[in-house]
Amino acid sequence: MKVRDIGVLGAVILIVAMLIIPLPPWMLSFLIVINITLGLIVLLTAMSMKEALDFSIFPSVILLLTLFRLGLSVSTTRAILANGDAGSVVETFGDFVVGGNILVGLVVFLILVLIQFIVITKGAERVAEVAARFTLDAMPGKQMSIDADLNAGIISEKEARERREKVSGEADFYGAMDGATKFVKGDAIASMVMVIINLLFGIIIGVVQMGLPFAEAATHFSKLTVGDGIVSQIPALLISTATGIVVTRASSKGSLGQDITGQLFAQAKLLYVAGGTIVLLGLFTPIPDWITLPIGIALIAGAYMMGRKKPEDEEELLEIEEEVATDGMKSPENVVNLLNVDPIEFEFGYGLIPLVDAAQGGDLLDRVIMIRRQLALELGIVIPVVRIRDNIQLQPNEYRIKIKGNEMARGELLLDHYLAMSPGDDDSIEGIDTVEPSFGLPAKWITEQVKEDAEMYGYTVVDPPSVVSTHLTEIIRANAHELLGRQETKQLIDHLRETHPILVEELTPTPLSTGEIQKVLGKLLRENVSVRNLPIIFETLADYAKLTSDTDILTEYVRQALARQITAQYVGDSSALKVITVSGKVEKMIADSIQQTDHGNYLAMDPQDSQTVLETIAAEVERVSFMEQSAIILCSPAVRMYLRQLTERYFPQIPVLSYNELDASVEIQSVGVVNVQ
């Protein structure tokens, strides 16, 4: 525990002790001055802050200072009633305020209490309640705005995190202030009760126990009571004022004093009017001239000086802005920033602005957030921010998706239509012929009037935002391996190190570097295998990395370790896996064409044989697809990697699995065979 923590803890314990242990008069005087000093410091801090969160501990400070004042009031009450002496500070304030008239002193004290209780405390309490309510109501909207800015690329992940923390901090602060104002209100009530107790029981004790005449007892204890009340109310009034300033303070770039002088006295013409009015009041009313004329002349003189200084300030400001702009154009950092390439970009024509404009009902930004979360859970990597921007070079209803600066896909949307995809060859629905962008299926753009009929005929009908969301999802999924670089891999390793430090330490930086691990993960993602189960992947790599550093071979070992995951990915709800098997003859052709080099193995198949195998695969895939079944190719582990290399360019969506990658409990049904004559 640090020294500061011990100091605060000790102060709280001493405050509690004050409620029990009697204190000598000199210590009471010392603590009263400390109380006033702390109240003044809190008030000055509240006036100098720029926004409420700059004084985030204020609710806790209110609680501690209220407890301190109450403990001090209990101690002074004990001293007044027991000894008739509460220290020189209380007596001095009592003499100064009461003077020769006890009634005047009581009235002054009562006025201070009413000002604090009815005006300041009551107003601050109401403002705190409203601020807390509106802050909590606005919290979801602020969070959505932050997410939208993050997805649009306006802010970074770090800035988004800071803004979220600020929004959460504001909600916590104003919620705490709503309760803290109750402490201030209760303190004011307790002060009034203690004054009555001190005055009433002080007179009784003075007359009954001390044997003083009634008048002398009333004078003595009234003076001490008023003095105690005043020294208690001064810091309480300071804290109440600080509370009012904090809860009514809006965010600003300057302190309260700067804002008041900058906004209240900013317009010279208003000061001219105010100064002239005061001068006229002095000339044509009984108000003394020696009061009104100096004030009016001072206002007019101040307005004149402001009028002379303002053009100079504006000219200087323009010069500074021009200088900054010129320096900014010359600055090499601006050029460097232009070199950055966004990992994912979504560009659209001006006709698709309603997709992203929340004011027009657009929810694409929210959909992008869900896409990133969905793919992160599915693939096991953090999907980068999608930068969304309009592009006047595109057609009004056109959009395009770019990965690392390269266009991967584009499409066209009709916002006032729906996309209808037929389950077969049915062509009974009228619409504009098109192609579904994600999977290349024939479709039609239909109007709202035709939508219900299309659904009755079995068409799959989706709205434009869903079309573009699905397209974006598929493009990111198909290119996830390009989004996983060494930096992203390092983040995954660091995250795994938090829960599996021994495993990470055994694997990296030796025998495998971050780059080699990134290649393995990239190869898995390239074939749509999730890398979310990093512990199993790293366990497998740690087992086999000592035998080989070939990332292709290591990837095959990892795929076999993920057999259950891969099997579940393709089996689904069915108990059997229907596949297209590869004949032994074709596997032998592939195995005989493998070339081994110092830099790894690769397939060097005769072009004629490659063409024959690909044509056979195409025929089997078409036949299986006609049966409305998904095409999956199954072969032996020795040739799986090379067969995938052969089919990847022509059949990228068709998975190639090996027998070792399937769970033993799954039934395998062959629906076709890849064979050559």
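Placed from the backbone N, Cα and C atoms, the Cβ positions cover glycine too.
Pulled from TrEMBL:
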| type | residues | note |
| --- | --- | --- |
| TRANSMEM | 7-24 | transmembrane segment |
| TRANSMEM | 30-49 | transmembrane segment |
| TRANSMEM | 61-81 | transmembrane segment |
| TRANSMEM | 101-120 | transmembrane segment |
| TRANSMEM | 188-210 | transmembrane segment |
| TRANSMEM | 230-252 | transmembrane segment |
| TRANSMEM | 264-284 | transmembrane segment |
| message | I'd like to know if the transmembrane segment (188-210) touches the transmembrane segment (101-120) in this structure, counting it as a touch only when three or more C-beta pairs sit under 8 Å and are separated by 6 or more positions. | response | yes
Quick tally over 7-24, 188-210, 230-252 of CB pairs under 8 Å to the transmembrane segment (30-49) gives the top stretch as 230-252
Quick check for me: are there 3+ Cβ pairs below 8 Å between the transmembrane segment (61-81) and the transmembrane segment (264-284), leaving out pairs under 6 residues apart?
no
Other same-chain positions with a Cβ less than 8 Å from the transmembrane segment (230-252) and lying at least 6 residues past its termini are 32, 35-36, 38-40, 42-43, 45-47, 49-52, 55, 58, 62, 65-66, 69, 72-73, 76, 89-90, 93-94, 97, 108-109, 112-113, 115-116, 120-121, 123-124, 127-128, 131, 174, 177, 180-181, 184, 187-188, 191, 194, 259
